Amino acid sequence: MAVSDEIGALTRAFSGLGIDEKSLISILGKWHPEQRNSFRKGTRNFFIEDERQFERWDDRHIIQLEREFLRFKNAMLLWTMHPWERDARLAKEALYKGPQYGVLIEIACTRSSEELLGARRAYHSLFERSIEEEVASRVGGIERKLLVALLSSYRYEGPRVNEEIAKTEAKTLCNAIKNAGKKPAIEEEEVLRILTTRSKLHIKAVYKHYKEISGKYLDQDLDAELGLKETVQCLCLPQTYFSKVLDDALKTSVDEITKETVTRVIVTRADADMKQIKEEYHQKYGATLSKKIEDVANGNYREFLLTLVARGDQ
Amino acid sequence: MATLIAPEHASPVEDAEALRKAFQGWGTDEKAVISILGHRTATQRQLIRHAYEEIYKEDLIKRLESELSGDFEKAVYRWILDPTDRDAVLLNVAIKHSPIPDYRVIVEISCIRSPEEFLAVKRAYQIRYKRSIEEDLASHTKGDIRKLLFALVSTFRYDGNEINARLANSEADVLRNAIKEREFNHEEIIRIVSTRSKLQLLATLNHYKDDYETSITKHLVDGPANDYLVALRTAIRCFNDPQKYYEKVIRNALNKPGTDEDALTRVIVTTAEKDLEVIKELYYKRNTVSLHKAVGKHTSGDYKAFLRALLGKED
C-alpha cells in the first residue's frame, strides 16, 4: 500500500465508532521510526506542532481515541449485565451526565412493568437511593413531574381496556393540544395523568381514537412538547422511536453522548424487538441497519453490533 | 406484638367441616364462625379456604358473604382475605368512597407498609381490579391531594439503612422555608415526603424538631383547613409512629357518635397479627380503660364478639 493510502486507512481506523484494531496492527505495526515521523508530520488533525519543535498528539484526540477504544469494552460490560443493573446504571448516567431526559423516558416507557421495577430495585442496591428521589431532587420544573411519574409507574399489563374511557381521554388530549398555545400540554394535569398511569394497551387505544377524532397522529401533534412526544412514541411505537434514535446516532460527526446511544439501543433491544426495529429502519431510511453500522463503526465493536443485530433474524 | 390467639396446629379439613356445619340449617352459628376464624393465622385461614373449596366445591368467602350480614360480615370478610389482598380491597373501597375518596386510608396503607409489602398490594390490586391503583387514584382525585397521594402510592422507597445526615439537615431547612412562606403544597414538601427512604425522612423530621423546637405537624396545623394538609399530616404521623397513629384512629372511631365501624374494623383486622398488643397498651395509657372494655361498650352482637376475639387476651 502506498504511504498516502496507509495514512488514509489509519485515519479511517481511528474514525467512527470503535477502532479498527486489525488495520492499526497491520499498518502501524510495521512502520519504522521515519514512517511514524512522516505520519505525525503529515496528519495535522491528530498532531499539533509544539513550540519546542516536535509534533505532539492533540489532547482532544487522545480523549477521542480513549473513548473509541473503550467503546467495545463498554458494550461488553453492558451486554453481560443483568438487565436490571443495566437499566439502573443507564438511568444513573442519564441523570448525572447531561442530564438526558430522553434516556430516562426511554427506560421508563419501553420496559415492561416488572423490568422497570427490577431496575428500580437494582438502583436501590447500587446507589443506596431510590431512582425517584434522585430524579426528584435533581430535576426541577415541569420535567420533574413527568419523569418522576414515568419512572415510578407500575402499569397494569392485562388485556382489559375500557374503550369508552379511551375515547374520552383522547378527547381530553385533543383539547389540551388545541389549547397548547395558551398552556403547554405538559402542564395539563390530565395529560400527565393519562400518559403516566394508564396501561400501554389503553394508551394505544387512546392513540387510535385520537387519530379518528382529529385526523392526526398524537405523537406528531406533541412535537413541540418537552418529552411528551418521546413518551407517546416509546409507549405506542417503540420501534419508530428506536429506529429514529439510531439513525440520529449512527453518524461520525455527533457528540459522545449521542454516540453512546448506539451501544445502548442495540444492547438493550437485541433480545427484545430488534427484528421490528430493523424492519422499521429499512422502511423509513431505505438502507439496512446492518449496512449503516458497517459504514460507521469499526473493528471488534462493529462486529459485535452486527452480531447482535443479526440475532433478530432467527 | 400480635394479639391473635391461635393454636399451633389446626386441621384445615376439620375447620372447614365445622364451618360447613355452622352454615347448615336455619340461620348461622356465628359463635362457631368466630371461634374458628377468630383464632386462626393468615396461613391457617388460607388453608381452610382451600380445604373448604376442595371438599364443598364452593368459595368459602362467597358463602360467608351470604350467611353473615352487617358490620360482622364486613369484618369477617376483611379478616379472611389474605393481607395483601385485603389492603388492595381497602384501597379500592377508599378510592371509590363517595362523595370523596377516603384519603386517610390511602395515606395510611401507602405510608405504613414497607416498600415491598406495598408493591405486593399494588400487584394484588391489578389482579383483582384489572387496573393499576395509580390510574384509579389519579382519575378519582385532582389538584394538590392528587399530587400528594399519587406520589405516595407510586413511590418505591429505598429501604436500606443508609442515611445522609447533611442531606437530612438541608431538607429540614427546605421544609421549614416552604412552611414559613405558607406554601404548604410546595413541590419540595411533596418531593421529600414522598420519595425519601423512611429512615432518611425520619432523620429529616428529627432535625426539623431539633432546629425549630417544634414538630413539623404542629407547624402544619397553621395552614388552611383542606384535605391536602390533613393527608400530609397523616402521612407524617404514620411515618413517625404508626402505633400511636392507629391508637388515635381507634380512639376517634369509638368516640364518634355512632362509632366508625369501618375504621375500627380496618385497624383491628390489619394489626391483630402485627402490633395490636402495643396499640392496646397505648390505648389504655391514653384512655385509662382497656380497649376490650371500650369495644365492648361501643359495639354489639356478633361484631363485638368477633372484634374481642381478635383483641386476644383481656387484661
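Glycine too: its Cβ is placed from the backbone N, Cα and C atoms.
Unlike curated entries, TrEMBL annotations are predicted automatically.
In the three-state DSSP classification, B:GLY258 (Ca(2+) binding site) falls within coil. The Ca(2+) binding site feature in TrEMBL is assigned to B:PHE23, B:GLY25, B:GLY27, B:GLU67, B:LYS256, B:GLY258, B:THR299.
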Once the chains shown are all counted, how many other Cβ atoms turn up within 10 Å of the Cβ of B:GLY25 (Ca(2+) binding site)?
8
If you count Cβ atoms within 10 Å of the Cβ of B:PHE23 (Ca(2+) binding site), leaving out that atom itself, what do you get?
19
Using a 10 angstroms cut-off on Cβ to Cβ distances, just flag whichever of B:GLY27, B:GLY258 is the loneliest among these binding-site residues.
B:GLY258
B:GLU67 (Ca(2+) binding site), number of other Cβ atoms within 10 Å:
17
